[in-house]
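A.B. asks: Dumping the structure here so I can ask a few things about it.
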Amino acid sequence: MSKGIVALAMSGGVDSSVSAYILKERGYEVIGIYMDLWRDEREEYCNKSAAEDARRVAEKLDIPFHIINIGKEFKANVIDYFIDEYLSGRTPNPCVACNKTIKFEAFFNAAKEFGADFMATGHYCKIEERNRRKVIVKAEDDKKDQTYMMYNLKQYQLERTIMPCGEYRKEHIREIAENIGLDVYNKKDSQEICFIPDNDHGGFIKRNYKSKVSEGNFVDKAGKIIGKHKGIIYYTIGQRKGLGIALGKPAYVIDINPITNEVVIGDEEDIFHTELIAKDVNFIPFDKLEKSMELEAKVRYSAKPSKATIIPLGNNKVKVVFQNKQRAITKGQSVVLYDKDMLVGGGIIEEIV
């Protein structure tokens, strides 16, 4: 007897491909869906080979396969947001924006149109029930854990979402793929931003918004001009390489001012802080933070969680006070909160205090 119909987001990679197999083995009826997210006039970013890989896997596993176009939503909510943030002197995380608006909203809605009871992805996270609420828990494979990107999910989404890979280590996923004869078993993981295959975000923004990118001044903490920069979109807090200025000592980006078009340069000690304010905060184990809470937090995907006090400020904002100084807290990035293995929530870094 079927456990229900699952619409699986297939990327053509090994994780979503093996997810299809696991779900079938568990008794679900699986529908494979590839999201055609965006292409420019030359179709430079339309990854046809990925779509074909996904189609071949679906045929091998004997599951229905569809391609849906979510390009309009992707451009408005991810690409335009990404560009606007850089032009505003912030450093966005497009994967967080994509999960919030595309994979777990636009795709979630598309899954319902296909008659699915659930949606699934190849993300490395676990969904469990604790205290009568669905929560997100770190994956078995700590190196592949993707909970940092998932803090925006709501209860209604979690109740209908399955992430099979969270229970496996990456090497086991590849082993399963090879054992069942999937050609993608040794396919490399994508490292770049999906709509910027050459990983040159500055070049991408300049091609699309050349008139908004202009040279400006590097200044020191006192406001003294110490050089010329090629445009604020090319810089982020804590950056040392590629500045193109020689000061006789290591120089770091410590602030970006989009109003004056200036990049502020300082010493390494200037990029360490203990406090930040985050906006657009979402919590998963509960709806609202009523009082201060001791948790762990991290300010970038690759960082280790560090002890911090989370203070509610109202208007979906919190203040995060770390016990120890954190390197290069960056506006536009996400601060993500944990209670041991459980994802508590997160928000966008708005201000460094």
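Start at 1 and count along the chain as shown; that gives each residue its number.
Using the three backbone atoms N, Cα and C, a Cβ is placed for every residue, glycine included.
Keep in mind that this is a model prediction, so the values were computed, not measured.
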A.B. asks: Taking Gly89, Gly115, Gly122 as the options, which does Swiss-Prot list with Ala9, Met10, Ser11, Gly12, Gly13, Val14, Asp15, Ser16, Met35 at the ATP site?
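C.D. replies: It is Gly122, as the record lists it for that site.
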A.B. asks: Just to verify: the residue among Ser11, Gln333 with the fewest other Cβ atoms within 10 Å, which of the recorded positions is it?
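C.D. replies: Looking at the recorded positions Ser11, Gln333, the Cβ with the fewest others within 10 Å is that of Ser11.
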A.B. asks: Among Ala9, Met10, Ser11, Gly12, Gly13, Val14, Asp15, Ser16, Met35, Gly122, which the record lists as binding ATP, how far apart in Å are the two most distant Cα atoms?
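C.D. replies: Taking every pair of listed residues, the largest Cα separation comes to 16 Å.
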A.B. asks: Counting only residues 6+ away in sequence within the same chain, which have a CB under 8 Å from the CB of His123 (site 'Interaction with tRNA')?
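C.D. replies: In sequence order, the residues whose Cβ lies under 8 Å from that of His123 (site 'Interaction with tRNA') (at least 6 apart) are Asp15, Gln146, Met149, Met150, Met163, Cys165, Gly166.
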A.B. asks: Roughly how many angstrom lie between the C-alpha atoms of Gln333 (site 'Interaction with tRNA') and Ala9 (ATP binding site)?
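C.D. replies: That comes out at 25 Å between the alpha carbons.
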A.B. asks: Between Cys98 (active site, nucleophile) and Cys194 (disulfide bond), what is the CA-CA distance rounded to a whole number of Å?
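C.D. replies: Cys194 (disulfide bond) has its Cα 11 Å from the Cα of Cys98 (active site, nucleophile).
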A.B. asks: Using a 10 Å cut-off on Cβ-Cβ distances across all protein chains shown, tell me which of the recorded positions (Ala9, Cys194) has the largest neighbour count.
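C.D. replies: In terms of Cβ crowding, the pick is Ala9.
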A.B. asks: I need the most crowded of these recorded positions: Met35, Cys98. Count other C-beta atoms within 10 angstroms of each C-beta and give me the top one.
C.D. replies: Cys98
